[in-house]
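Participant: Before we start, here is the structure in question, set down as structure tokens.
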Amino acid sequence: MAMPGRMIRGASCAALLIQRFNWMISTLVRNRELLWALSKREVAARFKGSYGGLSWYVIQNLLLLALYSFIFGSLFKSHWARPGHAHGNYTLTLFMGLIIFNIFSECITRAPTLILGNTNYVKKVVFPLEILPAIQLMASVFNAFIATLVLVVMAFFLNASVFWQGLWLPLIVLPLLVMILGFSWFLSAFGTYVRDVNQVVTLLISAVMFLSPLFYQISSLPEKIRPYIDLNPLTIPMEEARGALLFGETPDFGVLAIYSCISIGVAVLGFVFFQKARRGFPDVL
């Protein structure tokens, strides 16, 4: 007799989740023009006042790759082994992981102070505050896109291979972006009320970095530790992105589907929390 009741409650939860998801998507779509305009302004502001502009970011990534290539390629002769493949280029594999990590790190680190740093928007009743995390995310994605182009170009000079399966990268990274948006909504709202969140997040980012397969391979870890590394939100996108672009592997769409469902859940919960918490922003700013 309890079974029908559970089914009804499950259906109600699913319907509520779909309703909140539609609310989230419709809000972003409705404000897409403003989101695009402010995202471009955010990117431009990062290079404002510099003579080199965007070229400095390209040079920075080139120098970083050259440094990694010298240290891990020439000095330590490091390789990144992958089952069924010859040794991969450690420098490029590491750099691909850094691109994924930097998107996450940049957005999550800035999220707790997003509202605090844009109090002028809070006072504007008609301004959609929920797009502030999305603006930050789009700017970070732009940086990641430039870094990926640098990686592909450097692969040619390092006599390394990149594969057409890298065209799957947008699909691989998209669920991570959705999850980041959810975390950013939650942290930006929570950080407005609790100012210590920023310090806690900084510590957590360091933990996420060392507990993700950024500098090491999962296969090199003891079996009993690997499941915990798999729980890291960066593990799947890192492994899938490297496999596609640098090893020519087709993404595991089953894993990505599960990851996408979790990401959507995180995003919806973060969005709803933000919308409820925003009502008190004027009182604490």
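The backbone N, Cα and C atoms fix where each Cβ goes, and this holds for glycine too.
In TrEMBL, annotation is done automatically, which means it is predicted and not curated.
Feature list, courtesy of TrEMBL:
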type	residues	note
DOMAIN	52-277	domain 'ABC transmembrane type-2'
TRANSMEM	54-76	transmembrane segment
TRANSMEM	88-111	transmembrane segment
TRANSMEM	131-158	transmembrane segment
TRANSMEM	167-187	transmembrane segment
TRANSMEM	199-216	transmembrane segment
TRANSMEM	253-274	transmembrane segment
Participant: Counting only residues 6+ away from its ends, which parts of the chain sit with a Cβ under 8 Å from the transmembrane segment (253-274)?
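Facilitator: Result: 17, 20-21, 23-24, 27, 129-130, 171-172, 174-176, 178-179, 181-186, 188-190, 236-237, 240.
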Participant: Using a Cβ distance cut-off of under 8 Å, indicate which of 88-111, 167-187, 199-216 has the most pairs with the transmembrane segment (131-158).
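Facilitator: Against the transmembrane segment (131-158), the leading stretch is 88-111.
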Participant: List, by number or range, the same-chain residues at least 6 past the transmembrane segment (88-111) whose CB is under 8 A from its CB atoms?
Facilitator: 64-65, 68-69, 72-73, 78-82, 133, 136-137, 140-141, 143-144, 147-148, 151, 154-155, 158, 160, 173, 176-177, 180, 183-184, 187-188, 191, 201-202, 204-205, 208-209, 212-215, 233-234, 237-238, 241-242, 245-247
Participant: Can you name the far-off residues of the same chain, 6+ from the ends of the transmembrane segment (199-216), with a Cβ under 8 Å from a Cβ of it?
Facilitator: 94, 97-98, 101, 104-105, 108-109, 111-112, 187, 191, 228-229, 232-235, 238-239
